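Features as listed in Swiss-Prot:
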type	residues	note
DOMAIN	3-225	domain 'Glutamine amidotransferase type-1'
ACT_SITE	Cys86	active site, nucleophile
ACT_SITE	His194	active site
ACT_SITE	Glu196	active site
Amino acid sequence: MKFAVIVFPGSNCDVDMFHAIKDELGEEVDYVWHDTENLDEYDAILLPGGFSYGDYLRCGAISRFANAMKAVQKAAEQGKPILGVCNGFQILVESGLLPGALMRNENLKFMCRTVQLRVENNETMFTSQYEKNEIINIPIAHGEGNYYCDEETLKQLEENNQIAFRYVENPNGSVSDIAGIVNEKGNVLGMMPHPERAVDELLGGAEGLKVFQSILKQWRETYVVNA
């Protein structure tokens, strides 16, 4: 399986993503600059955290216009796994690939610590290696991670089982404690916590690795077992 890590000006978690795939998952991965127009050779696309374009205007508001995002849109339509973490989640929302918005944290402070998440849906291509309602420890590092959507959108997210992760103790004011959501098709996941920072016990924990293992499992079952 071959992954692409999209690198925007200001990305700073791209190396962590690369490490998670190459060294922990053991799969092929490339850094791909934001001006690329073709992602056809890749099986999964990763949008890392950071401060793309300095977070000017709004987090992800400029990145959404990058050439690479047109290719990401195409990949999403093809059903390829798309994972956006932190700033990557913000970019997915700004691009319209996921509903809602990310606002300033309720306490108006940047937060960097490990939090507990509850796995709400383990039937997605990103969460199949977890147990439903499993509690996992994943780091956060954001100033604008307060997820917001209107009541109608929240109702749709809940009815469609699109809420992948919830905070056990809400750190930022996100509506309904939401930490991560998938699109209706189930192949695009956006989450504020950083699973790529929790893939090695030496770094404090490896409970985020199952996100990437789930992607790999789904791909193998689809393209290898059925080959």
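Each Cβ is built from the backbone N, Cα and C atoms, and glycine gets one as well.
Taking a C-beta cut-off of under 8 Å and a sequence gap of six or more, His194 (active site) has these contacts in its own chain: Cys13, Asp16, Gly49, Val85, Cys86, Ile138, Pro139, Ile140, Ala141, Gly208.
The Cβ neighbour count for Glu196 (active site), using a 10 Å radius and every protein chain shown, is 29. Secondary structure from DSSP puts His194 (active site) in coil.
Within the model, the domain 'Glutamine amidotransferase type-1' (3-225) shows a mean pLDDT value of 96, rounded to a whole number. Other Cβ atoms within 10 Å of the Cβ of Cys86 (active site, nucleophile) number 29 in total over all chains.
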